[in-house]
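Notes follow the structure.
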Amino acid sequence: MAQSFSMVLNSSFTSHPIFCKPQKLIIRGHNLLQGHRINSPIPCYASTSSTSVSQRKSANYQPNIWNYDYLQSLKLGYADAHYEDMAKKLQEEVRRIIKDDKAEIWTTLELIDDVKRLGLGYHFEKEIREVLNKFLSLNTCVHRSLDKTALCFRLLREYGSDVSADIFERFLDQNGNFKTSLVNNVKGMLSLYEASFLSYEGEQILDKANAFTSFHLKSIHEEDINNILLEQVNHALELPLHRRIHRLEARWYTESYSRRKDANWVLLEAAKLDFNMVQSTLQKDLQEMSRWWKGMGLAPKLSFSRDRLMECFFWTVGMAFEPKYSDLRKGLTKVTSLITTIDDIYDVHGTLEELELFTAIVESWDIKAMQVLPEYMKISFLALYNTVNELAYDALREQGHDILPYLTKAWSDMLKAFLQEAKWCREKHLPKFEHYLNNAWVSVSGVVILTHAYFLLNHNTTKEVLEALENYHALLKRPSIIFRLCNDLGTSTAELQRGEVANSILSCMHENDIGEESAHQHIHSLLNETWKKMNRDRFIHSPFPEPFVEIATNLARIAQCTYQTGDGHGAPDSIAKNRVKSLIIEPIVLNGDIY
């Protein structure tokens, strides 16, 4: 696969007889990175500004639905110190409950699950790990009930413990199948279903668990269980917990938990207040990014492209919602906004000649070379150049690391992959599935996003990590494959209407001589296998710090969410809009008597 990928990238350029002399890098007003030299030649084309308008495509993207004035009008209603004081008091009470030594250990385990799903887990990482370590030290993950055994397994794997799936063998019959007597235990079946998505490649018992629970949970009759449990089953069948983005799940679970008769009032109020306070932080970040995006002026200049600041910000919240990651969210919002704009240049507006030129100039990272670009590409290149250089300058100033070569390599590789897809489109060439995917997991932009994300985390960088980033370690590649396959499942119809032929669905159909439904099944199967590989990659032989591992996994989760019912990024429907509103715009109603 690595060889195929190299061949794809090497085939992305066309040789030209005339070249511009490489120049030294320049940063706006900074000379910190002077001395880096460019080895790649720049093809010198004649001006492309006279290209006929009729040669350019139009995607007819829907307009932006979140305008500047609306975003600036958000009130940040829970940023007051009064709420912060109340939140600290509630959190201390939750901490006391978690650390209660008199509580039965399995009761505490269920409490931890509620704490995590309510969105409070990040406040109690130390306490949660202490409880889970008790289960490891006592070797007591096996319980007589299926639901508690599965819950223990899931939580331990979520926190990186390589607990064996063999603990489920006691629930098998003499033929190696799950006992039919388990079917009536809906809570246990649901718990096993959720646990099965933490499986590694080759864990047959968890594959059996997934097939067994999926079949029987889908067969449940509404009258057989209570409404809350039915709601939980339907929610899980729609998308399992392990593949959901944390903050949207917290909103849903808080509202569901509030209807439970056994709900803990302290947990519930702590979760509601925390959600609203985090939401105010997100709104503040969003307003700052809205001002940045308006100041960039790209949207009115490049009217053919998608204006998707809110959707880009939503991606970053899905990757890292915690207040401490404000700088990371803002940096990634800039990156993803530029990716969206430049993607439309390649997909919709640029001629092949212009795209080859733009790709080569980005690879050179030469500010002087942009003079040969058409006007719409000049503003795009300069926006990219200034933004990436500014991020690199901040890292050099604050961390002492020169990260520019890693950032520009990721951008260059992505644009080469963009260019390959543009060639396939114009040639009406349908590549073989493997050839397509070797290019497409790079073109989907995951490596650019995650490379920036790593450096925005401000970690102490090691040589091993830098090599892993440069070589696109599995923790960059696996989320990118999931991102790509989800994207194709959600956008293939619109892409076909635009005349794009390179798509995993079409390649799969053509190569295997199968119909669209069978191709979708194949892609979903590949998605599941990639998740299994990533589950192991998360903690086995990973050189990356844990926060980055979680952010990389969250990239796959936000991709699943965005493309679950269509193209939630390029053509957001009412479902996508409501997700944004529930996560970023609309607070949860609090108990007025308390505050």
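Placed from the backbone N, Cα and C atoms, the Cβ positions cover glycine too.
Keep in mind the model is a prediction, meaning the values are calculated, not measured.
Every protein chain shown contributes to the tally, and the Cβ of R484 ((2E)-geranyl diphosphate binding site) ends up with 25 other Cβ atoms within 10 Å. The DSSP secondary structure for R484 ((2E)-geranyl diphosphate binding site) is helix. According to Swiss-Prot, the feature (2E)-geranyl diphosphate binding site maps to R306, D343, D347, R484, N487.
Sequence annotations record features per position, and here Swiss-Prot assigns Mg(2+) 2 binding site to D343, D347.
Secondary structure from DSSP puts T491 (Mg(2+) 3 binding site) in a helix. Per Swiss-Prot, the feature Mg(2+) 3 binding site maps to N487, T491, E495.
Taken from Swiss-Prot, the feature motif 'DDXXD motif' covers 343-347, and the record attributes it to similarity to another entry. Here the motif 'DDXXD motif' (343-347) returns a mean pLDDT of 96 for the predicted model.
Among the features that Swiss-Prot reports, transit peptide is placed at 1-45.
Under the DSSP three-state reduction, D343 ((2E)-geranyl diphosphate binding site) is assigned to helix. DSSP assigns R306 ((2E)-geranyl diphosphate binding site) to coil in the three-state reduction, outside any helix or strand. Residue with the densest Cβ environment among the binding-site residues N487, T491: N487, by other Cβ atoms within 10 Å.
Listed in sequence order, the residues D488, G490, S492, A494, N503, Y563, D567, G570 complete the 8 Å Cβ shell around the Mg(2+) 3 site centroid, once N487, T491, E495 themselves are left out. Other C-beta atoms found within 10 angstroms of the C-beta of D347 ((2E)-geranyl diphosphate binding site) number 21, with every protein chain shown included.
Comparing CA positions across the binding-site residues R306, D343, R484, the one lying closest to T491 (Mg(2+) 3 binding site) turns out to be R484.
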